[in-house]
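What follows is a short report on a single structure.
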Amino acid sequence: MPISHRLTARKVKKPILSIVVPVYNEEENVRLLFEKIQTICETIGEAYEVLFVDDGSHDETFTVLSELSKQKPQLGVIRFQKNAGQTAAMAAGFECAQGQRIISMDGDLQNDPADIPKLLEKLDEGYDLVCGWRKERQDKFLTRRVPSIVANWIIGKVTGVPIHDNGCSLKAYRASVIKQVPLYGEMHRFIPAMSTVVGARIAEIVVTHHPRRFGKSKYGLGRVWRVMLDIIAFKFIISVFAPRPNPQKPLRRSPIEACGTMWQRLSNILFRPKQRAFRVAAFLSLPFFVLGRVLFGNANIAALSCFGSAIALLTLGWITENKIRHAKKESSTLGRLARFFIIQCKRRPIRFLGPIGVALFILGGILSIAPINALLLKILNVGSSNPSAIFITGGILVFCSGLFGELITYANAKRVKDYTIL
């Protein structure tokens, strides 16, 4: 669906700087925030625009913004028909932004517009993305700061991009770079790591953070498990889509360096640019083949479950590879599997299938306990075989289906919108 906003109907000078502000139920904050942004942008002296993206607010946020936009030609308003989430709001703002440089920030007055010049100054040093770091964060310690510290540490270790504060919305981007980054689901917290896929140079600076004055926070401890699933999915996506360097071989190598080179060669075989998804599936299926062979003859149900899971993973990898290639054809339409992951799973297959897989795995583990297993065998009258293996391998397969679904969703992220604009 083509995107339009109020700036298209006005004769304003093409902006060099765009400020993107996603908002949801922030009626008390938006006017004051715009005034602060306007004051700072006037001191910068460049043509600018401010795009507020109303993510389906239920209060008077859109009314306030609409009235304000009639008075301020620099203000554009994008309104979603229903709440689609912060990532979708940011994606819409980035798509509409006309500036060569883009700033994103929260709409709750906790980010300080006074930091915008510092972000732009750092961006002009040759970086493509500058992240804000809320070093002195003004949020509740247990429910906001502690989960954030843990999540940022894990994200840094998993992605290899050591950003202190991935969740800070106050960032500066080169438009030519951020417009290439596929955003979907709730992947906005992974923007720094996702930007490395398109070769972005990243920096980080300390920014001011204020306590919330009006309204209520939209986040809490309930999102922790979702973030963990997102981290797993993102690492899986990066392993398939990230470009891999081809370093030159040293003339002389120590034994440790030689082992590292052997591992690099093995990685290139498993994850080279073509057919990476299938090779990942082959790598994941190998333990199931080995375990099935070991169990065969003594625990036939378990062995057959392992063999079945291995074959299913290979099939899933082959299908995923074809769907990724299909997504690269701009004229092609979404297939049934892609529509399932994108529409039925709401672009988050790992969140839809992941908990089901984990539940099946845990159930299998419980059923493998000797007294419980003996009772189950007696009730079902299935001989001496252990059916718990079916639940365990089934859980792993369902979880992996969610992961491969993330690959298909990522490949199609630019083709389907998460939102509808009124």
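Every residue, even glycine, has its Cβ placed from backbone N, Cα and C.
Pulled from TrEMBL, these are the features on record:
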DOMAIN    18-180  domain 'Glycosyltransferase 2-like'
TRANSMEM  224-243  transmembrane segment
TRANSMEM  277-295  transmembrane segment
TRANSMEM  301-319  transmembrane segment
TRANSMEM  352-377  transmembrane segment
TRANSMEM  389-411  transmembrane segment
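Listed as Cβ neighbours of the transmembrane segment (277-295) (distance under 8 Å, sequence separation of 6 or more from its ends, same chain) are residues 236, 239-240, 269-271, 302-307, 309-311, 313-314, 316-318, 320-321, 324, 389, 393, 400, 404, 407. Residues 277-282, 284-286, 288-289, 291-293, 295, 337, 385-387, 389-390, 392-394, 396-397, 400-401, 404 of the same chain, all 6+ positions outside the transmembrane segment (301-319), place their C-beta atoms under 8 angstroms from a C-beta of that stretch. Beyond the transmembrane segment (224-243), the same-chain residues lying 6 or more positions past its ends with a Cβ under 8 Å from any Cβ of the stretch are 147, 151, 154-155, 158-159, 185-187, 189-190, 193-194, 196-197, 199, 271, 273, 276-277, 280, 350-351, 354, 402-403, 406-407, 410.
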